[in-house]
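Some notes on the structure that comes next.
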Amino acid sequence: MAKLLETFPCVPSTERGRGILISGDSKSDTILYCNGRSVFIRSLRQLQDVQVYGEHGYAVTVARYSPNGEWIASADVSGTVRVWGTHNGFVLKNEFRVLAGRVDDLQWSFDGLRIVASGDGKGKSLVRSFAWDSGNTMGDFDGHSRRVLSCAFKPTRPFRIATCGEDFLVNFYDGPPFKFHSSHREHSNFVNCIRYSPDGTKFITVSSDKKGMIYDGKTGDKVGELASEDGHKGSIYAVSWSPDSKRVLTVSADKSAKVWEVAEDGTIGSVIKTLSFMESGGAEDMLVGCLWQNDHLITVSLGGTMSLFSADDMDKPPLLLSGHIKNVTSLAVLGENQKTILSCSYDGLIVKWLKGVGYSCKLQMKDTKIKRLAATESSIFISGYDNMVWRIPLTDNGYGAAEHVDIGHQPLDISIAVDSPEATALVSFDSGVVLLNGLNILSKIDLGFAVAASVISPDGKEAIVGGQDGKLHIYSVSGDNNLKEEAVLEKHRGALTVIRYSPDLTMFASGDANREAVVWDRETKQVKLNNMLFHTARINSLAWSPNNKMVATGSIDTCVIVYEVDKPASSRITARNAHLGGVNAVAFIDDCTVASSGEDASVRLWHIEPQ
């Protein structure tokens, strides 16, 4: 049996020039955010407590708790809203197609019976309010001419709805049934976010014109604005009220977050605190989302980093939560410290995770796309979609300065002889391999066939190269760093995708694009375990347990399968739906724990119980 131990989640999806709208539930102290086709439910009391909902067919844009916390409404780029339970396996209550295009925001009414959604209507309705159980429309929302970026339900009687969008307008509706009441054009650029105060007396809008406007919650009349003296110098993307309705938190493209004191009558808002951040100096420091929930002030940067401040002590350094935004392509576990996991994503981000803790630190490689990662205790090697192989030293505080070498070809696979004195690296390309000592090219060898995968033995004395034709070519590595072919093995019916040696070097395993894996005896060159055909699609990754007894495979069919070498393949252990969109990498942490990563940009740890 495979049991999920931990999830190291991705961070919210972000888009430059647009804000994101995160939300939460004050009773359970959990937050909701979206990435890809998944909604992530994350506890602020226990940060390792993460749940994932992945039933949308398209990228999810927004998710909100119902007032009683029992239901969640989430929406996607197709205009679909799904209402599902927070308990008992996320049971689906209803699904409605509410807009013709992307939903940018949605809100529940305070009684939990109605939902309003806004976004891109593609020439049709831009805002719609409907009953949560039947989907019946509750009114007409005229007045907007372009995409409606945000909407808000008044949290007290009488019912009111306020909206804002790309036409620079703030519109106000009363009902139900809802009908147009008034419109305001105080803003001179996109109005990015609109939020009612918890007591319902006011609502506030923030805009790319660097301004915030305050309106009466019942009549919709403008009553004040945020003072500009100490205000933001860039577009304001999001705003969130304090639980007592006296203060607001705003975030901006100027890389700052500010806390404002709002007068009781709403006539003015004044900055009382500008929150401090550690900046990397790049555009990823721009702040695009925020949430004030209980004692937590949460900000989200363009790079996805979530900073958690305490409302009681805003001078206290924030707790940082980070991770990947894009799909995780490769994993490595540091040998002597098997609680440390390294992961990389194709957008150039390398993240260090600690088992039982989660996020530790990260390194953003500028202008580099990463496809493969291999590691020793002292350094990591990465390769991407150009001709470069990078070496990055590992330090106590994170990472050292990166260096690279141009091998003249796009790398396909990379492996390191971790037990050899020189820590030789083998890098394969489309027609051959390169042997590296650090960043020194020892030899470049054209093998005369189409290469698909490769590996070098931990002692550096042997290499195996797999071809597009499914053949395994075994080479001895000579003292002059040349390769001598010793054998050719034929069993696979598809191009090789991955080859790995067992830790004790008595076996090796291979996987192919035709969903088959094979375990081989290294000495006899005979098949030791076959019929490993239980994936339904291409195998992307393969790993051995430290005790040499198990092999794990990951596939684009979303499953991780673990085979026991001394048992028939039919007695496999399967983690189904391990990663939405497919599994890209697997690695053993210890004899009974497997790490996996995939298209959902997350890393998961699984406890494996042998049959």
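Glycine is treated like the rest: Cβ placed from N, Cα and C.
Features of the protein shown, as given by Swiss-Prot:
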REPEAT    3-43  repeat 'WD 1'
REPEAT    55-94  repeat 'WD 2'
REPEAT    98-142  repeat 'WD 3'
REPEAT    143-183  repeat 'WD 4'
REPEAT    186-225  repeat 'WD 5'
REPEAT    231-270  repeat 'WD 6'
REPEAT    282-319  repeat 'WD 7'
REPEAT    323-363  repeat 'WD 8'
REPEAT    446-485  repeat 'WD 9'
REPEAT    491-530  repeat 'WD 10'
REPEAT    534-573  repeat 'WD 11'
REPEAT    578-611  repeat 'WD 12'
- Task: Can you check how the pLDDT averages out over the repeat 'WD 2' (55-94)?
- Result: 97
- With a Cβ cut-off under 8 Å, give me the same-chain residues at least six positions beyond the ends of the repeat 'WD 9' (446-485) that come close to it. 412-413, 415-420, 422, 424-433, 435, 491-501, 503, 505, 508, 510, 512, 514, 520, 525
- Message: With a cut-off of 8 Å between Cβ atoms, can you find at least three pairs linking the repeat 'WD 5' (186-225) to the repeat 'WD 6' (231-270)? Only pairs 6 or more residues apart in sequence count.
- Response: yes
- What same-chain residues lie close to the repeat 'WD 4' (143-183): Cβ under 8 Å, and 6 or more beyond its ends? 19, 21, 104-110, 114, 116-120, 126-127, 129, 189-196, 198-200, 203, 205, 207, 213, 215, 217-218, 220-221
- Between the repeat 'WD 1' (3-43) and the stretches 55-94, 231-270, 282-319, 491-530, work out which stretch tops the count of Cβ pairs under 8 Å. 282-319
